[in-house]
Structures are given as C-alpha cells and as structure tokens.
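What TrEMBL annotates here:
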type	residues	note
DOMAIN	3-243	domain 'DUF7702'
TRANSMEM	9-29	transmembrane segment
TRANSMEM	109-129	transmembrane segment
TRANSMEM	149-169	transmembrane segment
TRANSMEM	181-206	transmembrane segment
TRANSMEM	218-241	transmembrane segment
Amino acid sequence: MALSYRDGIAVAELICYCPSAIIGIYLTLVNEFHTTGWLDIFLFSAIRIVGSAIQLEAKKHPGTTKFYTIASIMNSIGLAPLQAGSLGLLNRLSENIGGKNRSQAEKSIFRLVQTVIIAGLVLGVVGGIKAGDNIKENGTFAIGSLGKIGTGLLIGAYAATLIVAANLYRKVSLANRKYRNLLWAVVAAAFPLAVRLVYAILATLTDDKNFNFITGNVTAWLCLAVIPEALVILIYIVAGFSLGRNRNNLKEDDDVIIRLGENQTNVSAQTTGQSSTPNRKQNPVVSTAIKIFNMTIIGHIVQGIRGRSRG
C-alpha cells in the first residue's frame with residue numbers, strides 16, 4: 001500500500017525524532033537535571049514518535065476510530081512540551097542570575113506558568129478524547145469546549161513566557177556568559193512557536209476544515225505545525241550543546257566552596273566529640289530515579305506541596 005502525503009510526513013518525523021529523543025536524554029543527564037528544558041526535548045520527541053507510528057498504523061485499520069483519536073491527541077498536545085521547554089530554559093537562566101538570592105515571587109511565577117501549561121495539556125488530551133467520540137457518533141472530528149479552553153490557556157502561557165523573557169533580558173548581563181545563550185534560544189524559538197500556536201488556534205477555535213487535525217490540508221499542517229516544531233527542537237538542542245559538559249559556573253563554584261567548608265566544620269566537630277558515626281552515601285541509582293521523578297508532572301506537584309508546607 002502506497003504512502004500518502006500525510007503518511008510520508010509521519011515517516012520523516014519518525015526519522016527525525018528518534019535521534020532527538022536520545023539527544024534529549026543525553027542533555028538532561030549532562031546538565032544534571034537543572035532544568036526541565038532538556039527533558040522536554042525527549043518528551044516532545046516521544047509524543048511525535050508515538051503519534052507518527054499510530055498514524056501509520058491507522059492506515060492498516062481504516063475503520064478503527066481509536067487510531068485516529070490517538071493520532072489527533074498526539075498532534076494537539078505537542079505545543080505544551082515545547083512551551084514548557086522555553087519556560088524551563090528561562091528558569092535555568094533565572095537560577096543562574098539569582099542564585100541563593102532568587103526571590104520566592106520569581107519562583108512562584110515560574111510555577112504558575114508551568115501549572116497553566118500542564119492544565120492546557122490535560123484539557124487538550126481530554127478534548128481530543130471527546131473529539132474521538134464524535135467520530136464514532138457522526139463521523140466528524142471537531143474539538144469541543146475543553147480543547148478550546150486548553151488552547152486558550154496555552155495562549156496565555158505563551159504571553160506570560162514572553163513577559164518573563166523580557167524581564168530576564170533586563171538583567172541577563174548578571175548571568176554567566178554561556179547561560180545567556182538560553183535567553184537567545186528562547187527568543188529564537190519564539191517565532192516558530194508563535195506560528196505553531198496560530199495553527200493550534202485555527203485548528204481548535206475556528207471551523208476551518210483546512211486546519212482539521214485529521215482531514216485538514218496537509219501542506220498547511222506541514223508548514224504551520226511540523227516545520228515550526230522541528231525548528232524549535234533544533235534550537236533547544238543547539239542551546240543545550242552550547243553549554244558544554246562543564247556545568248559549573250561561578251555562582252555554583254561558590255556554593256561548592258561553602259558546602260566544602262560546612263563539611264570540614266562537621267568533620268572537626270565529629271573529631272572533637274570523638275564521634276565514629278559512618279557517613280551514609282545514597283545509592284546513585286536511587287538518587288538518579290528521584291531526580292527523574294522530580295522532573296515529571298507528579299514530581300512538580302509534590303515539590304509544590306512540600307514548598308507550601310514549609311512556607
């Protein structure tokens with residue numbers, strides 16, 4: 001069975017996003033989980049891999065609506081991890097600028113925008129499922145009110161991210177030189193992200209059939225969604241490699257010195273008190289698992305609850 005125009009794009013996405021998923025994992029590991037930005041490369045790539053594979057599988061089962069439902073959901077939720085990636089890079093830059101003096105208000109702003117993105121993602125999934133149910137009932141795929149609300153939240157999150165970027169631009173000179181690249185990466189990704197957002201608006205908030213996730217114009221989908229997404233991921237990857245493997249900056253070096261001084265003080269106190277309690281080292285596998293968990297949606301919710309209880 002010959003591949004259609006849309007199927008050919010799905011194959012191209014599989015070819016492109018399999019390597020980018022591996023690169024996303026690599027950047028997450030070498031940057032020591034400082035930011036969700038690199039993990040979002042992997043998450044988005046995984047979404048596109050699954051969506052493309054399901055789309056190709058649907059060709060073998062033309063009468064099965066569940067494949068089209070899953071493929072449409074994968075298409076509709078791709079914008080959220082891209083926006084989360086930009087927010088994650090800005091968060092890392094903010095950490096580098098503020099260090100230990102970073103205000104609680106600034107941290108709260110990032111958490112708020114992140115929550116809005118997550119809410120938009122969840123509503124996009126629910127809206128896609130309900131749209132899939134419509135296929136069974138009347139044979140048409142149309143995004144309902146929940147999906148439209150989700151798109152509205154992502155529009156607000158995009159605007160908020162631009163405001164955060166503008167605020168960080170005013171003090172970017174305080175950041176370590178290599179971390180300034182993160183701001184320029186977000187600025188460079190802003191235009192293709194805006195194009196992708198416009199496509200989401202046309203697909204969910206209008207009745208134009210050219211932008212339907214399943215039956216819409218394939219060239220419009222390619223130019224307004226597929227290519228902009230690939231450009232954003234490419235920009236994130238270049239930004240990740242621009243930081244290099246040397247992850248320490250001046251502020252982080254100062255923190256290391258402080259911690260070393262604290263350790264020396266603790267050792268001296270133990271010697272004076274003739275304490276022989278052995279040091280306990282956490283299993284590296286457990287430590288890595290905890291870090292990965294903290295990067296997930298559930299992990300962020302748990303951290304937010306812990307932060308409020310401490311406050």
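If you go along the chain as it appears here, the first residue is 1 and each next one adds 1.
A Cβ is built for glycine as well, from the same backbone N, Cα and C atoms used for every other residue.
Keep in mind that this is a model prediction, so the values were computed, not measured.
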Name the range, of those listed as 9-29, 109-129, 181-206, 218-241, that has the largest tally of Cβ pairs under 8 Å with the transmembrane segment (149-169).
109-129
Mind looking up the mean pLDDT for the domain 'DUF7702' (3-243) in the predicted model?
88
Sort out the residues at least 6 away from either end of the transmembrane segment (181-206), same chain, that have Cβ-Cβ distances under 8 Å to it, and list them.
37, 76, 78-79, 82-83, 85-86, 89-90, 92-93, 127, 143, 147-148, 150-151, 154-155, 158, 161-162, 165, 168-169, 172, 175, 212-213, 216, 220-221, 224-225, 227-229, 231-232, 235-236, 238-239, 242-243
